[in-house]
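Novice: The structure is given below, and queries will be raised subsequently.
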Amino acid sequence: MAQHRCVGGNGGAHTQPSLPALPAHLQSNTHLTGHLASRFHVSLPTAKLSSHAFISINTYTSSSKGQDGGKAGSAQGEAEDMADRAFLRLGHRSENQAILFLGESGSGKTTIRSHILTALLNKTSTPLSTKVSLAAYVFDTLTTTKTATTPTASKAGLFYELQYDTASTTSPLLIGGKLLDHRLERSRITDVPTGERNFHILYYILAGTSAAEKTHLGFGEPDAGTGSKRWRYLGHPTQLKVGINDAQGFQLFKTALRKLEFPRSEIAEICQVLASILHIGQLEFESSENTTVAGDESGGFSHEGGQITTVAKNKDVLAIVAAFLGVSAAELQTTLGYKTKIIHKERVTVMLDPAGARANANELARTLYSLLVAYVIENINQKICAPEEAIVNTVSIIDFPGFSQQSSTGSSLDLLLNNAAAEAMYNLTLQNFFDRKADLLETEEVSVPPTSYFDNSDAVKGLLKTGNGLLSILDDQTRRHRTDMQLLESLRKRFEGKNPAIGVSAATAKLPGSNFLSENTAASFTVRHFAGEVEYSIKGLVEENGEVISGDLLNLVNSTKSDFIARLFGQEALHTVTHPQERTTVMQASVSSKPMRAPSVMSRKIRPGTARTTRQRKESISGRQDTLDDIASERGDSRRPVNKPSEEGASGQFLHSLDNVTKSFHAQNTNAYFVFCLKPNDRRIANQFDSKCVRTQMQTFGIAEISQRIRSADFSVFLPFGEFLGLADVDTLLVGSEREKVEAVVDEKRWPTNEIQIGSTGVFISERCWMEIAQLSDMVTGRFGVPESEGGTPLANMPYGASKERLIAAGNSPYNNDKAKSGYFGSNDIDGRSDAGVSAFGGGDMFKNLDTREQMAERGNEKSMVEVEEFKDSPSRKRWVFITWMLTFFVPEFLIQHLGKMPRKDVRMAWREKLAINFIIWFSCLAAAFILVVFPMLVCPTQYVFTGEETLGLQRKRWKASYAAIRGQVFDIGSFIPSTPCPICHQSALHQYAGTDITGLFPVQVSALCKGTTGSVNPAVLLDYKDTNITDSPNVFNSQDLNSRYHDFRYFTNDTRPDWFSQMMITFRGTYKKGNIGYPAQVVQKMAQQRNAIAILNGRVYDFTKYIAGGAISGSSITNASTDQSLLDFMDPSVVRLFLGPARDDVTPLWDALRLTPTLRKSMQLCLDNLFYLGDVDTRNSVVCNFAKYFILAVTIILCSIIAFKFFAALQFGTKNMPQNLDKFIMCQIPAYTEDEESLRGAIDSAARMRYDDKRKLLIVVCDGMIIGQGNDRPTLRIVLDILGVSETVDPEPLSFESLGEGLKQHNMGKVYSGLYEVQGHIVPFLVVVKVGKPSEVSRPGNRGKRDSQMVIMRFLNRVHYNLPMSPLELEMYHQIRNIIGVNPTFYEYMLQIDADTVVAADSATRFVSAFLDDTRLIACCGETSIANAKSSFITMIQVYEYYISHNLSKAFESLFGSVTCLPGRFSMYRIRAAETGKPLFVSREVVDRYATIRVDTLHMKNLLHLGEDRYLTTLLLKYHNKYKTKYIYRAHAWTIAPDSWKVFLSQRRRWINSTVHNLIELIPMGQLCSFCCFSMRFIVFIDLLSTIIQPFTIAYIVYFIVRMVLTLDLVPVLAFVLLAAVYGLQAIIFILRRKWEMIAWMILYIIAMPIFSFGLPLYAFWHMDDFTWGNTRVVTGEKGKKAVVTDEGKFDPSSIPKKWEEYQSELWDAQTSKDVTRSEASGFSYATKAPVAVSEYGFPGSTPMAHTLPADLGAPRHTTHATHAILASRMSLAHSEMLMAGNRQSQFGGSQFNLPQSGSEMELSNLAGLPSDDALLAEIREILRTADLMTVTKKGVKQELERRFGVNLDSRRAYINSATEALLSGQL
C-alpha cells in the first residue's frame, strides 16, 4: 500500500491519504474520523478510499490549497487527479465514465464538480469546451441558490454528459455535451424560505440591468423601484445584499447565452419572462363585486347586482405582466381569478378568492420559470449535443441535491423526491462497492471475504420499485384523481407489515375531548432513509404530485401574441392532457419533472464492433420512455389502459428519470467514480472540524464499511489473460500457460491481494495496478507541482467563498484568463465572438430594437376576428343613429377612443347612444322643471306684495315676523326692534305697531323729496299722507301718535333734518324691506269711485287726494293768514289732470302720451314715488296667476290620482280560501349557477313540498356551467345532485345542443339526470340538465347565462309542440320525461320559474293554477315576493317597504288592466299552451325566436337581453299574445335574498331602471294595449316611462315643495303636500288593513331613503347604461352600408347539432341490441316504483332508458320497424285512469296514453312490427269521430276505418281502439 502515500513525506499519521491503508484496528467511524481530523488540521481536507473514490471535506476557504499552499491533498488536486484517471481510462479502455457525487447540502459538491469538469475540459481545450463549460454555468445560474448551509446550493439533479469519440485514438476527442436536469425545486420559485434566496438569476436580472433596461422591465418605475420595494419572490430585502456580485453574474449570464449562440432578441425575451415572474409575485388581489353585466351571467335574484370576483389591486403591475406575456390584461386578470380542475372526470371552474388567485398566480410563475429552464437547457443541448451515432464513449457527471430532513419550502413532494434520489444514489454506491462484478467473480471462481454493511435495499424498493413502490403508487393515485386519504390507505395496504423501511400512520384519530374517530389531519407516512427517518405529511401530496397547470392558463397562452411565449409553451417539456373526444383541446398540462433527453448510453445505436446497448436517436431526442404499469395492472385490471407520459405525475416522471440514471450507471462498459463530500461543521465556520458532525456523516455514508470492503477487494478492471499479458509485455520465451504467465507477472509485481485476483479466464485488478501495468502511471504523477506560470489556473486559488460571486469555482469558470490549455477564453478559444462585442451587448439596452411595453400591450389586446353574419340596419335603427349623432356630434371620436379608452367602434357608438339618451333624460327633467316651476313663474312672476290683511295676519301668525308698512313699503320691524335698542321706549311698546301702517309716525320734508316743476319747492310746504285705511280697521297710526315727534325733523321744528327720512329709508330698504303694499286692481277702482284721486301708473298705485284737496304751509314762515296757492301747486297740472280724469284705473298710456321734457318727466316721477306712492298693483289673483297656481295643483292631482287608483286596485279583499286539488301538469324550473347549498336546498325543497299532486309536477334544475362558487367546496351540479340523492357513480354521456353564445359557443353540451326526490313525504320526479360545455372549453365550461338556461327548456318545449327536429340533448330530455318519468312532455300546461335563492310558499302552485283555470285568457302571472334577509343590513331594510308597495300597488294596478309589464323570473308561472286549442303560448315560435336573439350588439338590445331578460320576456308575451293577460296574484307568496351591500344593490337597481326604460320604449308603440285615452294601459306605460326618467327631478320637486311650504305658507303648495302625504297614508291603509304593522317602521326607513331611490340610483343608472362586458363579437361596416358581425370565437354551423328523431332512434336501437338495457341514470327505477322491478304501480311494463319514442306527429314515421318499442314505452305513463279523467288532454300537439290489456304486453314482437303507435291511433280516432255521425258510429266501424287509413290489420290492437273510442265518446279525453 506504499503506493498510496502522499507526496508530503513521512511526517505522521496524517501523511497516509488512503483510509483502507490504515491498520485494521483503526477501521471504525471514530478512528477514521480522527484520521480525517488530523489531515484536516494540516490543510489536507481529502482522503482516498480507492483509486475510484475519495473523500473531500469542505474547509469553507480555498478548495485549491493543500499542505504548504500547493494542490497536493487539496480538493481541487484530488478532483483533477480523478479527472486524469477517468480520462486515461476513457481513452485507453474505451469505457464510459461516470462520476457520482454524494454529500449533504453545504458539503461542497458543486465546487468539486466544477473542478472535475474543468479538469476534463482542459484535456481538450476547444471552442466546444468553452460552450460545454458555459452550459454548466448557465445551468448553475438557473438552478442554484443560497441556503442556510451554502451560497451555492444546487436545487436540481444534474446528469452532465461529456461526449467523446475514442474510436481512432487513445486521446479522446470531445465532440459534444448533454445537460440532463432532474426535478427543479419549483416550490422555491414562489415560496422563498426565511434567510435563503431564490434562484440566483432572479437577483441577477434585478441588479445587472441598466437604467433603460430597468425602465423597460418595470424595475425603474417609482412604484416599482428596486430600492424601496420588497419583492415577494426574492425573500427578505437583506437577501439582495449578501456578498454575491449579482450585477456581474447577470453580465456573465448574458455573455454565456450569446456564446452559446442564443440570438440577442431571444436573450431579451428570456429577461422579459424573468421580469414578468418577479412582477407576478407583486400582484395583489382583492374581492370585488363585479357589477359589469355580461351575457353569460346567471344565478338567482341576489346575483342580479353582480357576483363576487377576484381582481388585481395593482393594475399597473398586471399590465406589465400581460404585456410581456403578450396577452390582454383583462383576460389575464380573469384567468387568475378562475381555475379549472378535473373533479370526477369533469372539468370544473373554481371561482377563486384572493388567496386562491394568489396561489394561481404562483402557479403561473412556477410554470413560466420551469418552462424557461427547460427551454434554455434544451436549446443548449441542441447547440452542443453531438449526433448519437457519432458518440463512442461518454463521461457522466452525476450530482443530485443532498439528503435533507425537512423541506425548507414546505413542499413534501420536493422533499420526498429529493430524498428518494439521494437514496437511489447511495444504493448505487453500495452496489458498486459491495455487489458489482459479484456474478463475474463467482463465474471466475474468485472468492472475496464477505463484508457486513447497512443495506438500504428495503427503502429503495419501497420507494422506487416499479409498479408498487411508493412513488409508483403516488403516481397511480394521482392519475386516478384520488384523495390524500385514499393514497394513505393504499400505502397502508402495500407496506404495512411488508416493508420495514416505510411506516404509515392512521387515517383516523380521536380528537381531544371526543370519543369518535375523525379524519386525521396530521396523517403522514415515514420513510427510514439511509441518513435518518423522515416523516412526510400526506396533506395535499396527491394534488402537488399532479402539478397540474390549469387549462385556463393554457387557454390564455394560446391567445398570446408573443412568439417566444408560444415557443415556451409549445415545447415537449410541457406535457398536455387532451380531451378524449376532442384531441385538439388541452384540458390541463404539467411541466416535466424528468429531462427531455435520455443518457446517450441508453439511447444511441449500437456501433460496429462494440457491445454497447443503445436506443434509437429518435428516442434520445424525445426522451420519452415507456411508462410503468400501475398497481391496477398488477391486480389484473386489464380495462385500464397503459399510462401515457402526458398523464404521469411528478413522481412517475422522476422515477423514470432515476431509472435511466441507474441503468446508465450500471450499463456494461461503464466505470464509476465516487466523490464523498463532507461538512466539517454545521455552522459554516472555516477551518473548524466538528468530530461529531463528521462522524455522523461517515456513519451515514458507511465509509468504514466501504473501507473494509476495499481492504478485501478493490477491483475495477477485469482483463482476460491475453489482454493482461499484452499490457505486461511478458517475455515470449516464458514457457507455460497464460494463467501461469499471469501468476508469474503478479508474483513479480508484488501487488496486494485486495487489488488483484486471478480468475479462471482473466484477472481482476485495481485501477492503480492497471495503470502501472499499462505504463500510464507517469501520465498522472508529478502533476501537483506545476506552477501557475506553466499552465496553472490563477483563479484556482480562490476560496470556496468565491462561488458567492461566480456560483462555481474558478477552475470551471468560462471567464478564466489562462493562456494555456486550462483556460477556455485563452489563445485556443476561437469561436468567432469577441468579448468586446459581448461587453457592448451587456452595457447597452438589450430592448432598444424590440417593441416597447406599450406596443406589446396593444398587440396583446388584438383579436383574430372571423365574419359570422351579415345584416343591414333597420330604418328605426338608422333614425336613432342619426339622432344620436345629431346630439353628440360635438364630441370627437379621438377623445372617446383615447381618453375614454374605447378602441372598439361599437363600444364608442354605445357610449354616444348613452350620452344621447342622457341628454334626452336631462332635457325631460329640465322640461318637467320648466313646466312645474319655471313656467308658472314666467306666467305669473313672483310679487313681494302684502295686503293690509296679510300684514296683520303675519303679525298674528308669527310674532317674530312683525311687519309694518311705511309709505307703501313693508318692513320687518321684528328684526329691527332687537337690533336697534331704544333708550326712551321699551321694546314691547314697539311691537304694537306690528301689522300696521305706521306712515303717520314719519312726517316728511316735501322740499327734500320733490323738486317740483321749477326745480325747488318751498321748505314750508306741508303735505299729509293719505293712509290706506279704507276698511276702518285699527291698523293705521296717524301723526297724532306720541312717538311721531321723535321722527319729526321738518323745516319748522327746532331740529331740522330735511334728508333724515330719505337716509332712514335707504337703510330700511337695504336691511328690513320685505315687499310693498299690494292693491288689487278692483280695489283701486273702488277707491277711485269713492272720489279719491287715485290711479295706477306702470303697475304702481299713486294717490293725489290730499294734494288736490290742498296742502298747507307751516305757520312759522307765512305771516299773513292767506295762503299762497302757487307755493302749494308744485306738481305739473297735466300730471294732476291724469288723476282727475274719468279713466283713472290705469293712466299709464296717458302718462306716456304727456308732452313733458325728460327733465320734467323725471322730476315728476320722483315726486310721485316719494310723496304719492301707496303701493303696487296686486296681480296674484289675476286669471293668469290663478292658471299658473292651479296648473301645479292639477298636475299633482293627476299624479296622485294614479297612485290612488293603485291603492284601490290593491284593496283586494276576500276569504282566504284554499283552492281545491288540481290535476294539471306543471313544470318547476330552477336555474342554478354558483349558489351555496343552503340556497339551493331551500329552493328545491320548497318547490318539492308545494301542496300539489307530486305526480303532476316535474322539478327541473338547469345548472349553468361546471363552476365552483366562492365559499363552495363542490361544483353546483354536485351540490344539486347530492341534494337530490344522485350517486357520484352516475355519469351520463354529454350531448350537444344549441346555446346562446358568440360564434362556436353556440354549440354547447349537456348532461341529463332524472329520478325521484323524496322530502318530507313528497316524492317528486326531477330532471337535472347541466351544461358542461364542449371539450374545447377550458374556462367556465358550459356557462352561457340565465337566459340560456331558460331557453334550454323553452326551446325543447317549442320543438315538442311544433314537431321540429331536436338536438341530442333535447332527445334525451324527451326520453327521460316520457319514458323514465312516464309523462308525455305535451301534457305539461304550466311552467313555474323560481330562482335558486327563492323559497316559495306551499300553496303557490295551487293558487297560480287556480288563476289560470278561472281565466283561460291568462298567459302568465306572478306572486308577491318578500325579502328573506330583511334585517341583514341597512341596504336590505330600505328595500322591504319598496318590495311590498311595488307588488301591492304597481303590479296590482297593472293587473287591473291585465297587463303586468314585468313578471319577475324569480317567481312567475307561464301557460305553456292554450287550454282549448293546444296552441303554444309561452313557447310559441315568435317568443322563442325573439328571446333567443344571439346578436346583442347595440345598447338597446343589451339593456333588453342582458339587464332585464325577465321583463323583456314579459314584453314579448304582451307583444305576440296581445289577447291574453298577465296578472298579479297577491296570495301567492315567495321569499328571496336581496342584495345586502351597497355596490351590488347599486348595480341591481341600475339593471332594473335601465331595463325598465328600454322595455317601456318597446311597449309604447304597441296598439293592442287595453282600453282608450287616459284609461288605457298605454297611457299608464307612458306615465311609468316618464316617471322613471324624471325621478331625479321628482325628488328635487318634492324638496322644492317643502321649502316653499316652509317659507311662503301659500295655500296651494300646502294643499299639494297634503295630497302627497295622503297618498302615503293610503299606502299605510293597505298594510294596516292587512295587519302588516311592521310595515310602519319599514315605510319610515323607505321615506328616509327616498333620495337614494329617486335621485341617486336613477342618475347612476342612466350614466352607466353602457356598463357591459362587450364580449368578443363586434360589428364592422362593409361595402354599400352592409354590416358584418365578426368574432374571435369562430363561426357556428347550426346544422351540426339538430338531429332527426329517426336517426336518434336508430342509433339507440343499434346501441340497445349491442348491450344490455340499463335503468334510469339516477335511481334505476321508473317513476312511482320504490324497488328495482320492471312493472310500475299501474301495471304497465317497465320502461328502459333505451326505449326512446316520440308521438307520431313529433317526427316518428307512421310505419316503423321499431313500433314495438314505441308501444312498450308508451305504456310507461305516469297516470292511467287518472289521466283519462283529467279532461282536456286531447291536443293536436300531443295525445294521451292508455292502458293496454295484459295480453297486449305478451304478444310476440313479430306480430307488432309495422303497427302504428298509440298516439297515431288516438289522433285518427279523434278525427274519425269528429266527422262521423255519432248516432250510427260503432267501434267496429272505427276499427275498419283505421285499417283502411293505415293499410295494416289491427286485430291485435282491437282492445286499445275500443277503449280509446269509449274514452273519447264519454268525454274522458
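Yeah, the Cβs are placed from backbone N, Cα and C, and that goes for glycine too.
So Swiss-Prot says this about it:
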- 1-778: domain 'Myosin motor' (DOMAIN)
- GLY103, GLU104, SER105, GLY106, SER107, GLY108, LYS109, THR110: ATP binding site (BINDING)
- ASN122: N-linked glycosylation site (CARBOHYD)
- ASN290: N-linked glycosylation site (CARBOHYD)
- ASN427: N-linked glycosylation site (CARBOHYD)
- ASN558: N-linked glycosylation site (CARBOHYD)
- 579-653: region 'Disordered' (REGION)
- 583-593: compositional bias 'Polar residues' (COMPBIAS)
- 658-682: region 'Actin-binding' (REGION)
- ASN660: N-linked glycosylation site (CARBOHYD)
- 880-900: transmembrane segment (TRANSMEM)
- 919-939: transmembrane segment (TRANSMEM)
- ASN1029: N-linked glycosylation site (CARBOHYD)
- ASN1054: N-linked glycosylation site (CARBOHYD)
- ASN1120: N-linked glycosylation site (CARBOHYD)
- 1191-1211: transmembrane segment (TRANSMEM)
- ASN1448: N-linked glycosylation site (CARBOHYD)
- ASN1554: N-linked glycosylation site (CARBOHYD)
- 1579-1599: transmembrane segment (TRANSMEM)
- 1612-1632: transmembrane segment (TRANSMEM)
- 1639-1659: transmembrane segment (TRANSMEM)
Novice: Identify all same-chain residues not among GLY103, GLU104, SER105, GLY106, SER107, GLY108, LYS109, THR110 whose C-beta atom falls within 8 angstroms of the centroid of the ATP site's C-beta atoms; report them in sequence order.
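Specialist: Not counting the recorded site residues, we get ASN58, THR149, THR150, ALA153, GLY402, CYS677, LYS679.
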Novice: If you draw a 10 Å sphere on the Cβ of GLY103 (ATP binding site), how many other Cβ atoms land inside?
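Specialist: For GLY103 (ATP binding site), the 10 Å Cβ neighbour count is 27.
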Novice: Round to the nearest Å and give the CA-to-CA distance linking GLY106 (ATP binding site) with ASN427 (N-linked glycosylation site).
Specialist: 21
Novice: Between ASN427 (N-linked glycosylation site) and ASN1054 (N-linked glycosylation site), find the distance joining the two CA atoms and give it rounded to the nearest Å.
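Specialist: Here the two Cα atoms lie 135 Å apart.
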Novice: Using ASN122 (N-linked glycosylation site) as the reference point, find which of the recorded positions SER105, LYS109, ASN1448 has the shortest Cα-to-Cα distance to it.
Specialist: LYS109
Novice: Rounded to the nearest angstrom, how far is the Cα of ASN660 (N-linked glycosylation site) from the Cα of GLY108 (ATP binding site)?
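Specialist: Spelling it out, the Cα of GLY108 (ATP binding site) and the Cα of ASN660 (N-linked glycosylation site) are 26 Å apart.
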Novice: To the nearest whole angstrom, state the Cα distance for the pair SER105 (ATP binding site) and ASN1554 (N-linked glycosylation site).
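Specialist: SER105 (ATP binding site) to ASN1554 (N-linked glycosylation site), Cα-Cα distance: 67 Å.
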Novice: Can you count helix, strand and coil residues in the region 'Actin-binding' (658-682) using DSSP?
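Specialist: Its residues fall into 9 helix, 9 strand, 7 coil.
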Novice: With the cut-off set at 10 Å between Cβ atoms, which of these binding-site residues ends up with the most neighbours? Options: GLY106, GLY108.
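Specialist: Output for this query is GLY108.
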Novice: Could you say whether, by DSSP, LYS109 (ATP binding site) belongs to a helix, a strand or a coil region?
Specialist: helix
Novice: May I ask for the distance between THR110 (ATP binding site) and ASN1054 (N-linked glycosylation site), taken between their Cα atoms and rounded to an integer number of Å?
Specialist: 123
Novice: Measure from the CA atom of ASN660 (N-linked glycosylation site) to the CA atom of SER107 (ATP binding site) and give the result in Å, rounded to a whole number.
Specialist: 26
Novice: With H, G and I counted as helix, E and B as strand and the rest as coil, say where DSSP puts ASN1554 (N-linked glycosylation site).
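Specialist: It is helical.
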Novice: Long-range neighbours only, meaning 6 or more apart in sequence with Cβ under 8 Å: which ones does GLU104 (ATP binding site) have?
Specialist: THR149, GLY402, PHE403, SER404, ALA531, CYS677, LYS679, GLN697
Novice: What is the number of residues in the compositional bias 'Polar residues' (583-593) that are helix, strand and coil, as DSSP sees it?
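Specialist: Residue counts for the compositional bias 'Polar residues' (583-593) by secondary structure: 0 helix, 9 strand, 2 coil.
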Novice: Enter the number of other CB atoms within 10 angstroms of the CB of ASN1054 (N-linked glycosylation site).
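Specialist: Counting Cβ neighbours of ASN1054 (N-linked glycosylation site) within 10 Å gives 5.
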Novice: Nearest of the recorded positions to ASN660 (N-linked glycosylation site) by CA-CA distance, picking from GLY103, ASN558, ASN1054, ASN1554?
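Specialist: Its closest listed neighbour, by Cα, is GLY103.
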Novice: Given the recorded positions LYS109, ASN1054, ASN1448, ASN1554, find the one whose Cα is closest in space to the Cα of ASN558 (N-linked glycosylation site).
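Specialist: Closest by Cα: ASN1554.
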Novice: For a quick check of packing: other C-beta atoms within 10 Å of the C-beta of ASN1448 (N-linked glycosylation site), how many?
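Specialist: Summing over all protein chains shown, ASN1448 (N-linked glycosylation site) has 24 other Cβ atoms within 10 Å.
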Novice: Which of these recorded positions is closest to ASN1554 (N-linked glycosylation site) if you go by CA atoms: GLY103, ASN1054, ASN1448?
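Specialist: Nearest listed residue in space: ASN1448.
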Novice: Within 10 Å of the Cβ of ASN558 (N-linked glycosylation site), how many other Cβ atoms are there?
Specialist: 13
Novice: By a 10 A CB contact count over all chains shown, which of the glycosylation sites listed here is most packed: ASN660, ASN1554?
Specialist: ASN1554
Novice: Rounded to the nearest angstrom, how far is the Cα of ASN1448 (N-linked glycosylation site) from the Cα of LYS109 (ATP binding site)?
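Specialist: That separation, Cα to Cα, works out to 83 Å.
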Novice: Quick check for the class: what is the C-alpha distance, in angstrom and rounded, between GLY103 (ATP binding site) and ASN1448 (N-linked glycosylation site)?
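Specialist: Cα-Cα, rounded: 82 Å.
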